[in-house]
Amino acid sequence: MNQVFNFSSGPAMLPAEVLRKAEQELCNWHGLGTSVMEISHRSKEFLEVAQSSEQDLRELLAVPDNYKVLFCQGGARAQFAAVPMNLLGEATRADYIDGGYWAHSAIKEAQKYCDPQVINVTTEIDSMRAIKPMRDWELSSGGAYLHYCPNETIDGLAIDELPDFGDRVVVADFSSTILSHPLDVSRFGVIYAGAQKNIGPAGLTLVIVREDLLGRASKALPSILDYSVLAENDSMFNTPPTFAWYLSGLVFKWLKAQGGLAEMDKRNQAKASLLYRTIDESYFYRNTVASANRSRMNVPFQLADSKLDALFLQESFAAGLHALKGHRVVGGMRASLYNAVPLEGVQALVDFMLDFARRHG
């Protein structure tokens with residue numbers, strides 16, 4: 001079978017080594033004669049998976065000891081509700097940075113539980129879309145926390161600055177950039193991320209929460225979303241998505257074997273630079289994001305003639321370059337370059353783009 005490179009924004013490409021290992025032990029995991037999907041989540045064998053996964057993740061991200069690591073369900077959208085209901089306490093307001101589609105989605109959900117103080121940070125630089133630097137964010141006073149999304153997958157907008165807002169509790173949706181580069185977890189009160197981009201398959205949600213923020217939950221909060229309940233039960237308040245957890249654990253071990261997050265950062269910068277350079281040097285393709293805010297994970301681009309979009313997608317798919325269609329909100333194309341996408345795949349995409357431009361430009 002010809003090599004296929006999956007540029008989907010999620011569920012995304014998984015490391016080939018991880019898939020091969022899962023295939024090898026699918027029906028006879030650790031000599032038990034059963035699949036890991038079939039064993040109890042409270043068995044000694046699966047508890048070892050859970051503990052090993054957490055330890056590997058803590059090592060990869062250098063998670064401080066005063067943070068809890070939770071493996072949850074419901075995706076990032078569940079966290080849009082869980083965050084205000086866990087963190088507001090007696091407060092009624094929180095600051096929400098609006099930088100794109102997913103930040104706006106979090107705001108819309110938060111309106112059910114609090115009065116979000118919306119701070120629009122989008123701007124333009126030389127007709128290119130951009131994000132204002134953090135020093136220009138006009139935060140309110142008295143908000144329970146500040147929420148933002150460091151990477152907008154649809155718009156290809158990234159906020160690479162680390163927050164430095166004193167005692168302000170900072171909450172961030174790292175769904176699309178978690179584990180793609182080193183991160184100072186201590187700058188945040190809560191980090192959450194859906195698994196289906198850089199962690200593992202869909203079904204698992206990662207939450208990293210500072211311990212002093214536990215115990216503030218609304219009495220109306222469902223127990224399954226209560227960080228304190230999940231922490232007290234080691235993320236097993238109910239039956240977790242065990243297979244997704246197991247596969248995520250394999251991804252963590254793969255990341256460590258590759259050299260950790262510093263190596264991932266190096267690879268991801270190389271991949272993104274190659275694709276952006278190809279777009280910028282071409283008369284046929286364009287990207288409308290200012291260089292300072294270009295996402296390394298999600299690269300949207302448009303063809304000079306949108307009438308060629310369908311043909312581009314048809315031919316790229318036939319060439320083994322899958323899931324390049326842009327989000328329905330913005331159209332065009334999008335290549336997601338998560339950790340498991342190799343430089344070889346981006347080079348194949350670039351070669352195809354140049355050939356397509358020569359034939360149709």
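Placed from the backbone N, Cα and C atoms, the Cβ positions cover glycine too.
Annotated features, as they stand in Swiss-Prot:
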BINDING   SER9, ARG42  L-glutamate binding site
BINDING   ALA76, ARG77, TRP102, THR153, ASP173, GLN196, ASN238, THR239  pyridoxal 5'-phosphate binding site
MOD_RES   LYS197  N6-(pyridoxal phosphate)lysine
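The Cβ of TRP102 (pyridoxal 5'-phosphate binding site) has 20 neighbouring Cβ atoms from other residues within 10 Å, across all protein chains displayed. If you take the Cα of ALA76 (pyridoxal 5'-phosphate binding site) and the Cα of the residue listed as 'N6-(pyridoxal phosphate)lysine', they are about 12 angstrom apart, rounded to a whole number. Among the recorded positions ARG77, ASP173, LYS197, ASN238, the ones whose Cα is located within 10 Å of the Cα of SER9 (L-glutamate binding site) are LYS197. Ranking the binding-site residues ARG42, ARG77, THR153, ASP173, THR239 by Cα distance from the residue listed as 'N6-(pyridoxal phosphate)lysine' puts THR153 first. Taking every pair among ALA76, ARG77, TRP102, THR153, ASP173, GLN196, ASN238, THR239, the residues listed as contacting pyridoxal 5'-phosphate, the largest Cα to Cα separation comes to 31 Å. Taking all protein chains in view, 11 other C-beta atoms sit within 10 angstroms of the C-beta of ARG42 (L-glutamate binding site).
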